[in-house]
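J.: I have a structure I would like to understand better, so I am pasting it below and will then ask my questions one at a time.
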Amino acid sequence: MSADNHQVPIEIRGLTKHFGSVRALDGLDLTVREGEVHGFLGPNGAGKSTTLRILLGLVKADGGSVRLLGGDPWTDAVDLHRHIAYVPGDVTLWPSLTGGETIDLLARMRGGIDNARRAELIERFGLDPTKKARTYSKGNRQKVSLISALSSHATLLLLDEPSSGLDPLMENVFQQCIGEARQRGVTVLLSSHILAETEALCEKVTIIRAGKTVESGSLDALRHLSRTSIKAEMIGDPGDLSQIKGVEDISIEGTTVRAQVDSESLRELIQVLGHAGVRSLVSQPPTLEELFLRHYSLGPEVAAEQQVATP
């Protein structure tokens with residue numbers, strides 16, 4: 001096992017995992033290259049957290065192959081954990097330790113800490129490190145975990161819904177920090193069900209559904225997934241909106257217009273509606289669940305499977 005010479009920090013092929021009769025992973029493939037911020041996307045229950053638990057050596061796979069920093073996450077867990085940092089979506093801390101003590105303890109498990117970066121991150125995230133962990137809100141517990149991971153010497157970050165509990169200002173700080181980590185050459189696997197967060201941070205994306213990889217590639221190659229829902233209350237007649245390229249699923253009921261529009265055509269559609277006269281207009285990016293329903297035709301069997309599968 002080598003953690004020093006690896007062009008592919010994460011290499012997963014045909015990964016399977018069952019929990020009783022529930023199939024959590026069903027032949028999953030995932031490749032994350034060195035220095036990459038890689039989005040790992042899927043609706044809740046798709047198998048993202050199970051995959052991360054296998055990478056962390058907390059769960060043993062039933063089948064397939066997994067290489068993490070050149071090693072086996074199940075048999076080489078102790079050595080590998082000196083080079084990786086993990087941030088879960090719901091952080092649990094030692095209640096009697098202060099935030100600062102917890103940051104240092106976690107970082108020591110990861111091969112040490114950059115004290116200057118630690119101090120900078122505490123200030124940027126607005127954390128009081130002298131308070132006991134038992135007094136922290138969910139957002140502050142999340143900050144402790146993020147600060148420890150980002151100030152450590154880890155070469156690989158495994159992030160499972162890491163911005164959960166952060167307010168919009170702190171989420172912006174988090175995104176800046178991930179960009180800085182990438183500039184330092186750190187590899188990041190970001191598990192999320194939020195498409196916008198992934199678009200802001202990641203250059204590559206792997207999308208999974210029901211424990212299988214359904215798409216993987218650059219964000220530019222996956223732009224067809226990103227459509228915005230439009231609902232407008234009209235004053236005038238907008239005309240034939242189907243003539244606008246990238247506008248689909250158009251429905252008109254009385255004065256209410258609904259449509260789906262590609263990001264490249266959104267501005268043109270809004271201009272056309274505005275010229276016709278609009279009382280109100282609401283635009284909403286699609287949820288991942290909507291994207292999967294639209295692009296991958298989720299059937300009731302798969303939907304039910306996702307409800308019971310380990311996330």
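Sequential numbering from 1, following the chain as shown.
Quick reminder: no glycine exception, Cβ is built from N, Cα and C everywhere.
Pulled the feature table from Swiss-Prot, pasting it below:
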{"type": "BINDING", "residues": "GLY42, PRO43, ASN44, GLY45, ALA46, GLY47, LYS48, SER49", "note": "ATP binding site"}
{"type": "DOMAIN", "residues": "10-235", "note": "domain 'ABC transporter'"}
J.: Return the residue, from the listed binding-site residues ASN44, SER49, with the maximum count of other C-beta atoms within 10 angstroms of its C-beta.
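T.: Buried the deepest by this measure is SER49.
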J.: What average pLDDT does the predicted model assign to the domain 'ABC transporter' (10-235)?
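T.: Mean per-residue confidence for the domain 'ABC transporter' (10-235): 93 out of 100.
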J.: Taking the Cβ of GLY45 (ATP binding site) as centre, how many other Cβ atoms lie within 10 Å?
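T.: Excluding its own Cβ, GLY45 (ATP binding site) sees 22 Cβ atoms within 10 Å.
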J.: Which one of these binding-site residues, GLY42, PRO43, GLY47, has the sparsest Cβ neighbourhood, judged by other Cβ atoms within 10 angstroms?
T.: PRO43
J.: Around the C-beta of ALA46 (ATP binding site), how many further C-beta atoms are within 10 angstroms, looking at every protein chain?
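T.: So the number of other Cβ atoms within 10 Å of ALA46 (ATP binding site) is 29.
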J.: Three-state secondary structure of SER49 (ATP binding site) from DSSP?
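T.: Reduced to three states, the DSSP call for SER49 (ATP binding site) is helix.
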J.: Have a look around LYS48 (ATP binding site) and count the other CB atoms within 10 A of its CB, chains all included.
T.: 27
